[in-house]
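Quick look at what TrEMBL lists:
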- 9-43: repeat 'PPR' (REPEAT)
- 79-113: repeat 'PPR' (REPEAT)
- 115-149: repeat 'PPR' (REPEAT)
- 150-184: repeat 'PPR' (REPEAT)
- 185-219: repeat 'PPR' (REPEAT)
- 220-254: repeat 'PPR' (REPEAT)
- 257-291: repeat 'PPR' (REPEAT)
- 292-326: repeat 'PPR' (REPEAT)
- 327-361: repeat 'PPR' (REPEAT)
- 362-396: repeat 'PPR' (REPEAT)
- 397-431: repeat 'PPR' (REPEAT)
- 432-466: repeat 'PPR' (REPEAT)
Amino acid sequence: MEKDQILPDTVTYNTLIDGFCKAERVEEALLLWGEMRECECRPSVVSYSLVIGGLCKVNRVDEAMRLLEEMRLDGLEADVVLYTTLLKGVCEIGSIDRGFEVMDEMESRGGVPPNVITYTCLIQSLCKVGQWGKAREVLDTMAQRGIRPDVVTYTGLIDNFCKNGMIKQAMELFSSMEENGERPNDVTYAVLMDGLCKDGLLREASLFLEKMVSRGVTPDVMIYNILIKALCSAGEVDEAMELFRTMKGGKFVVESDVWTYSALIDGFCKIRRVDDALEFYEEMVTEGKTGNLVIYNLLIGGLLKNSEIDHAMELKKEMIDRGFKPDHVTYMIMIDGFSKIQMFDRAEGLLREMRTNGLVPAVCHYNALMRALCDKHNMDHAIRIFQKMKNEGFEPDVITYNTLIDRTCKAGNLRAAKELLMEVLGKGLVPDAITYATLINKFSILGEMEEARRLLEKMIASGLSLDVMVYDPLLKGYSALGDSGNVIDLLHQMAAKNIVLDMNMKSTIINCICAAGKD
């Protein structure tokens, strides 16, 4: 352009600056900005908005604020788009208070009233930092000022409530949304149904699907998949199949996808109805849909659970023939499956096969084999795998040690269990609640309450969450010794942590205290 003596104008610069800012190449955008000023090409409000937006995008909010001041000195007034961009930028770096300051400034100094997008940005930012009450206050302020929240505002807040387990508030907001004349869309229903399903409220989620259809909102495959997956996870596979048939032949015909099939196949396999899973898989293939690695993994795992080894290996071959290479998950499923049916040599051979196929086994693969060996009281073999794993350069994790500690405790070898705990600490690993609970339980059963109590104190000092399963063996251990003082001390601890006693524990404690009273 310059060679032809055609000078770039504001629109040209804006176009280039916009491109660089969208690509987060802000330094190059700023160079153009400087060049634009030098050649006396006057920036417009759009020019400032683009650069301020680019700076906010890369968290350079202070520079964006300074540019706003420069804009005023340039005789230009910011519009609602620019202020909203700036508000979003300061909120995204966690500075919510500054977000409110920007909103106040846009009205008091700029004379620009916030719009629905401005308020929505502020509400979503408040939700991200858990300020639910404040977010609801902002929503109410919108209504008071005659700014009607739109479907995006409501859906964003409902989604945040659901993701944080606040289902009651989400349902109330959904009702308010309808009362205020704002029609929920498919995304609103999807986020609410997902929240209900995750909270175990499957009946309520099903009713929302019915409501959605009755109101003429077309459910898509994602919405059906949410409910189908939740039903399968709860073991309600027949109900999930009914929903699948409705999906295929109801008021709104919705095409299923591979994730619909994988959810149902997983559901059948989990309740050991592998024949139904295979039949459903054949139906999928007949419809012209190609299975993926996830589906093959599920079917192979289901067949191994039923000890259908030949069929599982045939399916593995089919999977490879169709271009799906076994991955770490495939091998994890097969190692776990063979281990649980006590085909330990076959499981160990899969570790070698992984390497042959260019995959490096992970600690979890060894853990699956060791766990099964321990469950079948084959401790010597488990220790050999443990040593082999270390010799091959793999560092055992807390799950590895928990498996071995649990088995050594059950075998009554507390000395070995304590040595394993010391090894965990010596390696810089952090024992988890299972590690401590296993040891506390065994020491309490054997009446070694001093050691059990010492482990409890270590667990508390580690900041781990305690539950009734940790206190139960301690209370029983002290009760068996007639030590009502320590029983009462533990009860005070439990009360302080809001841990509720079950009926069996109450009976044990009452008997202990009564016996102490007789003495």
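Using N, Cα and C of the backbone, Cβ positions are placed for all residues, glycine too.
Because TrEMBL annotations are produced automatically, they should be read as predictions rather than curated entries.
Assigned with DSSP, the residues of the repeat 'PPR' (432-466) fall into helix, strand and coil as follows: 26 helix, 0 strand, 9 coil. Packing against the repeat 'PPR' (220-254) from elsewhere in the chain are residues 186, 189-190, 193-194, 197-198, 200, 202, 205-206, 209, 212-213, 260, 263-264, 266-268, 270-271, 273, 276: each is 6 or more residues past its ends and has a CB under 8 Å from a CB in it. If you take every residue in the repeat 'PPR' (362-396) and average the pLDDT, you get 92.
Panel annotation: around the repeat 'PPR' (115-149), residues 80, 83-84, 87-88, 91-92, 94, 96, 99-100, 103, 106, 156-157, 160-161, 164, 166, 169, 177, 180, 182 of the same chain, lying at least six beyond its termini, place a Cβ under 8 Å from a Cβ of the stretch.
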